[in-house]
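Chemist: I'd like to ask you about the structure that follows.
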Ligand SMILES: Nc1ncnc2c1ncn2[C@@H]1O[C@H](COP(=O)(O)OP(=O)(O)OP(=O)(O)O)[C@@H](O)[C@H]1O
Ligand SMILES: Nc1nc(=O)c2ncn([C@H]3C[C@H](O)[C@@H](CO)O3)c2[nH]1
């Protein structure tokens, strides 16, 4: 059927929607490596020292996930390899990577993307981007409660998060690996409201039908 990739800032709701959507469509979820990621706490403690290592860690796990997802042809991915450079470039722009690290990173990324180009299925079928404001992003980060992501842990995270939001706009506009659509993550509370959850699912299903990726009379197996 389809490979769907989700995108959006920290706390936008990608992992949550990955679970909801994959269940609804009866496909497999692929999650970003967070709680089992040994480099992430190190990065938040000392970003300058660990930015490059963290990026190589994420790039490696994202390469593995997208290869596997494109092979199965039936999956939903939490943040994917297509967002990797957004994070690295932003960190490099604020002085957290040496010129040698930047060159090495882009060569590695380029090599990995050419591998994907050689696969029978080269691209995802749809990107679903969750758009959120800074206030929503922060509320969700607080709600989830990872210590090292809180402003009380490091007040400079406020600038980091605001900058990240600014990087997403041009990234989304430029993204052209597949058709794309945006979900209004400020308005649609797909965790607490059943009605909003259904609205989000309807929007995605309508897009898949419009693209011919789902039959016009398609119905979910699992309604919850
Ligand atoms: N639409 C929503 N409405 C209300 N709460 C939400 C919504 N989406 C997610 N949440 C809550 O916000 C928190 C962050 O959600 P989630 O982990 O899915 O975000 P994420 O985009 O995967 O984050 P990250 O980029 O850090 O992996 C969770 O506590 C989740 O329950
Ligand atoms: N530096 C850096 N590069 C990435 O590619 C990247 N992807 C995710 N993250 C951070 C954001 C959340 O804290 C947490 C979960 O998304 O991991 C990243 N950090």
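Every residue, even glycine, has its Cβ placed from backbone N, Cα and C.
Features from TrEMBL:
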ACT_SITE  78  active site, proton acceptor
BINDING   8-16, 140-144, 188-190  ATP binding site
BINDING   32, 44, 55, 79, 84, 149  substrate binding site
DOMAIN    4-204  domain 'Deoxynucleoside kinase'
Chemist: Could you state the CA-to-CA distance between residue 189 (ATP binding site) and residue 79 (substrate binding site) to the nearest Å?
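Modeler: With distance taken Cα to Cα, residue 79 (substrate binding site) is 19 Å from residue 189 (ATP binding site).
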Chemist: Around the C-beta of residue 14 (ATP binding site), how many further C-beta atoms are within 10 angstroms, looking at every protein chain?
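Modeler: Result for residue 14 (ATP binding site): 26 neighbouring Cβ atoms inside 10 Å.
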Chemist: Cβ distance under 8 Å to residue 8 (ATP binding site), same chain, sequence separation 6 or more: which residues?
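Modeler: For residue 8 (ATP binding site), the qualifying residues are 14, 79, 129, 130, 131, 132, 168, 185.
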Chemist: So which one is it: of the binding-site residues 79, 143, which has the fewest other Cβ atoms within 10 Å?
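Modeler: Minimum Cβ neighbour count within 10 Å, taken over the binding-site residues 79, 143, occurs at 143.
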Chemist: Let me know the DSSP-derived helix, strand or coil state of residue 32 (substrate binding site), please.
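Modeler: Going by the DSSP assignment, residue 32 (substrate binding site) belongs to neither helix nor strand, so it counts as coil.
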Chemist: Other than its own, how many Cβ atoms are within 10 Å of the Cβ belonging to residue 44 (substrate binding site)?
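Modeler: Residue 44 (substrate binding site): 19 neighbouring Cβ atoms within 10 Å.
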